[in-house]
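Student: According to TrEMBL, the protein has these features:
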DOMAIN    538-573  domain 'EF-hand'
DOMAIN    623-658  domain 'EF-hand'
DOMAIN    675-698  domain 'EF-hand'
Amino acid sequence: MKAAVLIQRWYRQYVARMEMRRRYTWNIFQSIEYSGEQAQIKLYNFLGYLMDNFNPTSTERNLISHIFRENEVCRDTEWERHFCYKNIEVPEIYSGPRLIFPLTVEQVAAMVEAFRNKRQLHSRYVLQLLLETWKLLRKLPNISRISTCHSKEITVCGDLHGQLEDLLLIFYKNGMPSLERPYVFNGDFVDRGKDSIEILLILFAFLLVYPNDVHLNRGNHEDHIVNLRYGFTKEVLGKYKMHGKRILKLLQKIFSWLPLATVIDQKVLILHGGISNTTDLCLIARVDRHKYVSALRPPKKRTQYPVSQSSVDLDMEDDLSGTKNNQRRVSLIKANSFGPRDGFQRRSLQDFSGRVPRTVDEEIEVRRRQSGFIKGGFSHSQGDLNNLAVSSASQESTDTADTTVEEWKQILDLLWSDPMSQNGCIPNEVRGGGCYWGPDVTQDFLDRHNMQLIIRSHECKQDGYEFCHNRRVLTLFSASNYYEVGSNRGAYVKLGPDLVPYLIQYQASSMTRELTLRKNVGKVEHSALKVLREQLFAHKSDLVSAFQEFDKDKTGVVSLNDWATAVESVLRLGLPWRMLRFQLATCKTPGGMLDYQEWFQELSIKEPQMEHIDQGLLETLYRHRATLETIFRIVDLDNSGFITMEDFRQTWKLLSAFLKMEITDEAISDLSVTIDTNQDGNIDIDEFMEAFRLTDKKSRLERGKSMFMGTTTDLTKLEGDPNI
């Protein structure tokens, strides 16, 4: 009996240790993910600040102006001409799927099978499929309303994030979309995973075949600015080198036309992020959703190009031009002042959109007719008419701006918000966009709209789903193994006429089924700690300064509590550093103090051999690697993967302005000379970023040691296990 009690106690302690490790590992991944999203939004706001305030002819402005030409208001026929696929030949040797429109379910099934076998759809068919999708989406309402009475069950899927394995597994377990098997896909189809474009093509194809039974909601990653950082832009340009830019441009328009929410039986609301205390479904139902090409900031007043050169024409010139000399565009609008720099977080991007405008005479004639001034020979002077037009336009502009900002806040909350356990509604400062809303906000919203459940996605959950707010909010995440193999399950939910959620969990990788609990937790933990060590090393100089604040006598050592406080003050990740110190800080002196210089050696991060490069510049590169790559992608106007030496220097100037730090021309020149090994005056973006990737020198076995492991028996097995 005593032995049984001891075994039971040991097992409970073992499970508790595994759960503790699993939770702090999860916190590491999630904190770093949200920190990256916040950095992306800050960068976007900063670039918008440059557009709003810099001189129209400034070099920095010209570098980034093309990403702000979002809201082109041209005739649909002009855009269809721009995206025309008919002049693209399909070679006879092409062995992938061939599409004939209108699509049939057999063609779509064949395309799914081709993607399963790693075959690629030809760019002609990609453009044709996307163009048909764009035409269909323009007819759909902002909020799709569906009913369970036409089928037994409706299946709802959460984030897929480019993980084709998960989508194929869902279809295998649940069946493909059909008249009897409707689906709702709740946004974030792209980014992070390697098969984002294939997932989009599959979902769009099923939408065309079953327009009343397949429903797609927009997510926060259906945004071309977010795609620059998280991989979708790079994926498309890598797979479709010839026509990738046109595909991305068409997808940009498609994303803006995706519906914002779905309602089942008037009782269940499905949206990607969440709600706020101001969410108004009536307002959301009537917004012009396609104006919000990027949901990060509201659109600005559109500017006009001359009639002879519309924005479509400019885009077509870009596609036809093979050099960068023709890529620079100068804005035709005057710089505006929007207050101090600290206030740019919530201001909009300056829009460089073009439209086919009226001439001055045509505009005045329209104003004359609208104002009723042409009556029985009664007329006003040209100056009076001009003043009238300006006054009317000014009032209309103010009203429109207020409405636009209110609409934008509604959409931003829908795509970016997260639930919290406390009552109330506060800004979501962790992600940098949307809000946190509490149970009271949920209850009030559901009562006002006579609903019973909100299904949302947007957050990775270890079990693939999570209920909160008294089971009135369900978070659904369908991308399994999101952070690492074994890190989380995926899930989807089925709703019948009774609207009771029936959840199905899965894990796409067979590797996880072969691992024990300890091995699985250990593998994910290894990956998380590796990422965290790189973060710590990238902030070395700031950490040293923080340690020295506690080390007034310059002894070179600090207490472990001071170490934890200093690390959090620098990284601001909200992690349990006192718990993690046993994983990250093992080099203690006899008095229980930590030698922080020796600790950086213990981190075991292998730096690239760049001794002659300014160390401050290198550390900036390590720390803001993703931000720098995003700027590179923006500056690479022709999407060739190469930038000129001058653009390289200007990129660093933009980064230094964004970070409010000084980077000398000499340091940038030394770095550019080092990277341009063949001296052709161009820099390969991918090679540059790979050259400065921090690598962890610890062996897999050493990385597996944990204070929470009761024994080391399994550690010796890990070294020879090919799955670890």
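Glycine residues also receive a Cβ, built from the backbone N, Cα and C atoms like all the rest.
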Student: What is the pLDDT of the domain 'EF-hand' (538-573) when averaged and given as a whole number?
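Tutor: Averaged over the domain 'EF-hand' (538-573), the predicted model reaches a pLDDT of 88.
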Student: Pull the DSSP breakdown for the domain 'EF-hand' (623-658) and write it out as helix, strand, coil residue counts.
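Tutor: The composition, in the requested order, is 26 helix, 3 strand, 7 coil.
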Student: Helix, strand, coil residue numbers for the domain 'EF-hand' (538-573) per DSSP?
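Tutor: For that range the per-state counts are 24 helix, 3 strand, 9 coil.
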